[in-house]
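Sequence annotations record features per position, and here TrEMBL assigns domain 'GAIN-B' to 1-136. Under the heading domain 'G-protein coupled receptors family 2 profile 2', TrEMBL lists 141-387. Summarising the annotation, TrEMBL assigns transmembrane segment to 143-166, 178-195, 207-231, 251-271, 291-315, 335-357, 363-386. The region 'Disordered' annotation in TrEMBL covers 406-437.
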Amino acid sequence: MNSMDIRCSDIIQGDTQGPSAIAFISYSSLGNIINATFFEEMDKKDQVYLNSQVVSAAIGPKRNVSLSKSVTLTFQHVKMTPSTKKVFCVYWKSTGQGSQWSRDGCFLIHVNKSHTMCNCSHLSSFAVLMALTSQEEDPVLTVITYVGLSVSLLCLLLAALTFLLCKAIRNTSTSLHLQLSLCLFLAHLLFLVGIDRTEPKVLCSIIAGALHYLYLAAFTWMLLEGVHLFLTARNLTVVNYSSINRLMKWIMFPVGYGVPAVTVAISAASWPHLYGTADRCWLHLDQGFMWSFLGPVCAIFSANLVLFILVFWILKRKLSSLNSEVSTIQNTRMLAFKATAQLFILGCTWCLGLLQVGPAAQVMAYLFTIINSLQGFFIFLVYCLLSQQVQKQYQKWFREIVKSKSESETYTLSSKMGPDSKPSEGDVFPGQVKRKY
């Protein structure tokens, strides 16, 4: 019940004279000798065991063959286990220091209770290892994630509506905030409803690709905010800002949505099988594929950090030469402080995700979950609740709602009474007591 899929062109080996052959061998008891204790990455906290027969694959007459496409190996489990366990696709690696099971060049495609599918870029002896990990899913983290993301979704929706409807703050900067809020809203919503939908595999891969795109788009819009801030600070002495606004309006949508699309398209075309894992619809850790997300994030974080340092340096020079009460400088400085705080909230979140290793992994996991879940609340707090212009608009809207409600109640009362209606004998008015005789 073990099998291997390989391209015929790899077996024929081009211009090789004579017959070509492929051997696929399954060993019934070899796993008892080269068992899971030879796994080089075994964690002492995890109980790792071999859950398949050891198989070997070779091509003749040449022994060392470079494959044009990875082979797909399907293993039947020795023990029928649920798919929630940690699974490793491994091969037998021989070195000068000895031999051991290694994951190099092999990665997991799919696993269920009875079978595991692996992709490997070379031929050797292979097997499936499973770990009864002690680090089971923390229910507290799950509750924090769902509650925090629900609050974040509500706040992002309110922030987006504010940016759309509040005319007092409508400008290029709020347009950038709006797009950032929309990307985070869609990403958080998709995360809540789709992160665990690992079946069918194609749907899981689509969800992982969509999450990859939406989170990259959010960081790209954050970079555009940094660029806009820098251009605004650099041109503080210019009375007319129309050139800056025209430039940002021209580039922001192609860059904000186009650059992430190109990045995801290249990643999906090169490594489509690395979208979606056995237990999450997210990026695979094999072959460094996670850096297709973390690489751009780190680059954007570094670029924004440099831009904000330059903005504060420019503002410091302007404040030393001009009156500190100049409104343009004050507004730019406040916007810079808010954007810097946003950079650390959004950027440092993923840095905490990278630090979930070693003895501090549990603490980092809690910090990552809490901060990541409250990103929407932070955006709503900083750009809406703490903005005086937005506060005035909220007060205006509240007064209009109260006024319209009061007028509606008055109209309803007058409609019931009628313009020519007279009180009946049984009606009682304020100050009048109805007595019985």
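Placed from the backbone N, Cα and C atoms, the Cβ positions cover glycine too.
Here the domain 'GAIN-B' (1-136) has a mean pLDDT of 77 out of 100. In this chain, the transmembrane segment (143-166) does not touch the transmembrane segment (207-231); fewer than three CB pairs sit within less than 8 A of each other, excluding pairs fewer than 6 residues apart. Below 8 angstroms of C-beta separation, residues 172, 175-176, 179, 209, 212-213, 216-217, 220-221, 224, 284, 287, 289, 292, 296 of the same chain, each at least six residues beyond the ends of the transmembrane segment (251-271), sit close to that stretch.
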